[in-house]
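Here the structure is laid out as structure tokens; the discussion comes afterwards.
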Amino acid sequence: MPGNSLGKMFRITTFGESHGPMIGVIVDGVPAGLYISKEDIEFELSFRRPGKQFVSGRREKDEPEIVSGVYNGRTTGAPLTIIIRNNDVISSLYEEVKHKPRPGHADLPYIMKYGYENWDYRGGGRSSARETASRVAASAIAKKLLMLTDTVIGAHLKSLGPVELDEDVSFREIFCSKYSPVRASKKWLEEKYEELIKQATVEGDSWGGVAEVIADNVPIGLGEPVFDKLKSDLAKALLSIPAVVGFEYGLGFKASKMKGSEANDEIVIKDNGKLGWRYNKAGGILGGLSNGEKLVLRCAFKPTSSIRKPQKTVDLRTSEESTIRVIGRHDPAVAIRGVSVAEAMVALVLVDHALRSGYIPPVKLSEDQARIIEEKWRRYVEECKPMQESQ
């Protein structure tokens, strides 16, 4: 099964299944000398961890173990391997799924491609969103390296079902939404999201949503024309997330309904004396290259496919139509935890391109660089907590 790797100079390869003994990721291309700890990785994992209110009841601790590529707390330049053991597995909940593929899931396509006898039906196997914990673990390394370019990434749930944020929101509010149980950037929005989720849970149904990711201080010129454009790699990374059904940046699909005079952004001299764009309608990307403005992109998540409502399917034992009610532990809105995954994927793409463009040394960090990264990382971990508590 190829297709488990992403990136060129900063390359990740994930492995493992939802109900296997572990999942994990191999990260190749990490410069030597970076301080990295279990706690750094746990910090990022904590925001997508299941078992919280409004998400899956599967209670995984998500404790990462660094098993290669680090010595005395610093990267060696060798491939860095992280494993996360699966501890809260109840495969018996999926016995019916073994014979009745779930509507909206990858079950039937996997059976058709790899064969029924080779299909790991337990929790979705390799197609499960459980795999994304490995990506988030790798993103901790990516985000630390991006401290060298002062790039900071924030993400929030812009809409859930029929409820959508229709007012301006600051980058700070977006950044701090990671402390909201539903990844809302406004308190009123959080309350409306929670109402929707409670309603869906009672009805045995689910909701879809849209995650918005903002990256500030993105270096100019990231992207390699023509097939490795920044937008192309971001689209690939975000569309690889389970349940993501759409991607846009800047004006996105709205631009298709505009005139050129409306969609074009005026070039101006900014307050700092540098050239820039008046409104950032392009979302930080023009010609497939980052242009120095904030990176603004969105990805749409479909509703969680595993729902308790009866749905039509086929019993593979009898080849007759049947029904199924999925009784496992599932998110009423996969988009909530998907926000953290979308943020992680953007970090992975940006660090890969930053290495390719020479903004980050590819072989070894200097002592000053390693120290600066560590200092900025500590501020990143601590800085938004007081603001969140005051909201």
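Cβ coordinates come from backbone N, Cα and C, glycine included.
What Swiss-Prot annotates here:
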BINDING   Arg48  NADP(+) binding site
BINDING   Arg126, Ser127, Ser128, Gly287, Lys302, Pro303, Thr304, Ser305, Ser306, Arg329  FMN binding site
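In the three-state DSSP scheme, Ser306 (FMN binding site) is classed as coil.
Comparing local CB density within 10 A for the binding-site residues Arg48, Arg126, Lys302, the maximum falls on Arg48. Taking CA atoms as the reference points, Thr304 (FMN binding site) and Arg48 (NADP(+) binding site) are 16 Å apart. Put simply, Lys302 (FMN binding site) is 18 Å from Arg48 (NADP(+) binding site) when counted between their Cα atoms.
The Cβ neighbour count for Ser128 (FMN binding site), using a 10 Å radius over every protein chain in view, is 19.
Taking a C-beta cut-off of under 8 Å and a sequence gap of six or more, Ser306 (FMN binding site) has these contacts in its own chain: Arg102, His105, Ser206, Val326, Gly328, His330. Look at Arg126 (FMN binding site): DSSP puts it in a helix.
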